[in-house]
Amino acid sequence: MANSGLQLLGFSMALLGWVGLVACTAIPQWQMSSYAGDNIITAQAMYKGLWMDCVTQSTGMMSCKMYDSVLALSAALQATRALMVVSLVLGFLAMFVATMGMKCTRCGGDDKVKKARIAMGGGIIFIVAGLAALVACSWYGHQIVTDFYNPLIPTNIKYEFGPAIFIGWAGSALVILGGALLSCSCPGNESKAGYRVPRSYPKSNSSKEYV
């Protein structure tokens, strides 16, 4: 079974990845204006996120505008929104569950097997949360690539990957790896290791009585 150090490492990785997912969901830099071809814009930079689009001037001032209509958004953007929100909610739930089952905490009672199962459940929830975020970021990234190579879209309104999508990929990987380490807390190994089959020794010949 995984020791408390391995559990703590997995929880720390998953927590760090979840914080990254929160950051990438909130910031608007999922797409950034492309400078490919003749599209050379030095006066301003345009960004698009899950909730708003922003324009940054050369002076450093940024102005953002929230999306007015949900129905006017693309299906990929709406799906990415939903998956990221689900990922964050599952990650928060996984943190609570994993904390109850970790060896270094007093929550969840003193039953080691029960705590190991709780920690393993938290790790599985972390993995599901990371996969949801990974699918969301990959789907959104695929849409960016598709639009970039679409000849019907003018060059001056094409976008490239923004920093947020890379943060999302990195955060997803950390959450999945951290959840995998927590899932190594399999209670079966410990229960088998804690029980030893008693050995039977043959009786010594000296104990026999001779007439």
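Numbers here mean position along the shown chain, with the first residue as 1.
Every residue gets a Cβ built from N, Cα and C, even glycine.
Summarising the annotation, Swiss-Prot assigns topological domain 'Cytoplasmic' to 1-7 (among others).
Outside the transmembrane segment (8-28) by six or more residues, the chain places 2, 47-54, 64, 84-85, 87-88, 91-92, 94-95, 98-99, 102, 104, 123, 126, 129-130, 133, 137, 163-165, 167-168, 170-182, 184 with a CB less than 8 A from a CB of the stretch. Under the heading transmembrane segment, Swiss-Prot lists 8-28 (among others).
The feature topological domain 'Extracellular' is assigned by Swiss-Prot to 29-81 (among others), with sequence analysis given as support.
Residues or ranges marked as transmembrane segment in Swiss-Prot: 82-102 (among others). Tertiary proximity for the transmembrane segment (82-102) is limited to same-chain residues at least six positions away from its ends with a CB under 8 Å from its CB atoms, namely 4, 7-8, 11, 14-15, 18, 21-22, 24-25, 50, 108, 114-123, 125-126, 128-130, 132-133, 135-136, 139, 168, 172, 175, 179, 182, 185.
According to Swiss-Prot, the topological domain 'Cytoplasmic' annotation covers 103-117 (among others).
Summarising the annotation, Swiss-Prot assigns transmembrane segment to 118-138 (among others) and lists sequence analysis as the type of evidence.
Taken through DSSP, the topological domain 'Extracellular' (139-160) splits into 13 helix, 2 strand, 7 coil. The topological domain 'Extracellular' annotation in Swiss-Prot covers 139-160 (among others).
According to Swiss-Prot, the feature transmembrane segment maps to 161-181 (among others), an assignment based on sequence analysis. Within its own chain, the transmembrane segment (161-181) has Cβ neighbours under 8 Å at 2, 6-7, 9-21, 23-25, 27-32, 47-49, 84, 87, 91, 94, 122-127, 129-131, 133-134, 136-138, 140-141, 144, counting only residues six or more beyond its boundaries.
Mean model confidence for the topological domain 'Cytoplasmic' (182-211) is a pLDDT of 54. Annotation comment: Swiss-Prot describes 182-211 (among others) as topological domain 'Cytoplasmic'.
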Per-state residue totals over the topological domain 'Extracellular' (29-81) - DSSP helix, strand, coil: 7 helix, 19 strand, 27 coil
